[in-house]
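**Q** Below is one structure. I have some questions about it.
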Ligand SMILES: O=C[C@H](O)COP(=O)(O)O
């Protein structure tokens, strides 16, 4: 089964709601509708931008979807500062990032919490974009594949096979994030293919064929084509390059197989 590529723009902690509207308009203007047959495009803004993006997307019937960068493992209650799955679902979010290395590092999120967040997302009809990836020391020791497989299996613990088919996996080597040092297509393919292999072993070949596995880490329009040519890479989780509307639209068009708009 051919998987439709997904390009997800993780804005991280950038852009207020007015700037967010401007960026989504730029993307929609630069990327004609025909591209959306061949690539799914989503933006992942800060929470404070989501309502404005929802209004724009709904009002102008844009084909760009949107989501969030994190969610609470809880549905409601006394969890100051948290934002829940039901709240995001009500705002029309399609995706939510879970287990990004920046959350693991700066908010001490462990595999158990990541698992709870994956479950919370699925419970409310949000597709989790589950991030896994190794730090440089792990790669230097040659343990990157085992490390990423272990993160994947821990995050999916207790899920049924049909739930796993809703998950998007993103392989993001920590050493490639925001460094300008993109993994080679072969390095990225090695891990993405191993992750799909793990999914096949645990949940069956059919499910593993359905799951989209993205690569993330310094992806730009100049590197996307070679990455998506790899058998097991179904798109990208893009940070820095997603903040530039024209560059992001170009990247999406190339992931769709071109031509450039
Ligand atoms: O979520 C996105 C990644 O952390 C990649 O960020 P980057 O493209 O700025 O390296």
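Any Cβ shown, glycine's included, is placed from N, Cα and C.
Note that this is a predicted model, so its numbers are computed, not measured.
Below are the features listed in TrEMBL for this protein:
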{"type": "BINDING", "residues": "10, 11, 12, 178, 218, 239, 240", "note": "substrate binding site"}
{"type": "ACT_SITE", "residues": "100", "note": "active site, electrophile"}
{"type": "ACT_SITE", "residues": "172", "note": "active site, proton acceptor"}
**Q** Out of 178, 239, 240, which has the highest number of nearby Cβ atoms, where nearby means within 10 Å of its Cβ, if these are the binding-site residues?
**A** 239
**Q** Running a distance check here. Ligand 1 versus the binding-site residues 10, 11, 12, 178, 218, 240: which have CB less than 6 Å from one of its atoms?
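**A** Cβ under 6 Å from ligand 1: 10, 178, 218, 240.
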**Q** Around the recorded substrate site, report the further residues of that chain (criterion: Cβ within 8 Å of the mean position of the Cβ atoms of 10, 11, 12, 178, 218, 239, 240; site residues excluded), sequence-ordered.
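**A** Other same-chain residues with Cβ inside the cutoff are 177, 238, 241, 242, 243.
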**Q** Applying a 10 Å Cβ distance cut-off over all chains shown, what neighbour count does residue 11 (substrate binding site) have?
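**A** Excluding its own Cβ, the number within 10 Å is 20.
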**Q** Tell me, which recorded positions from 10, 12, 100 are within 10 Å of residue 172 (active site, proton acceptor) if we use the C-alpha atoms?
**A** 100
**Q** Just going by other Cβ atoms within 10 Å, which of the binding-site residues 10, 218 has the emptiest spot?
**A** 218
**Q** If you draw a 10 Å sphere on the Cβ of the residue listed as 'active site, proton acceptor', how many other Cβ atoms land inside?
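**A** By my count, 29.
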**Q** So the record assigns 10, 11, 12, 178, 218, 239, 240 to substrate. If I measure every Cα pair among those residues, what is the longest distance in angstrom, as a whole number?
**A** 14
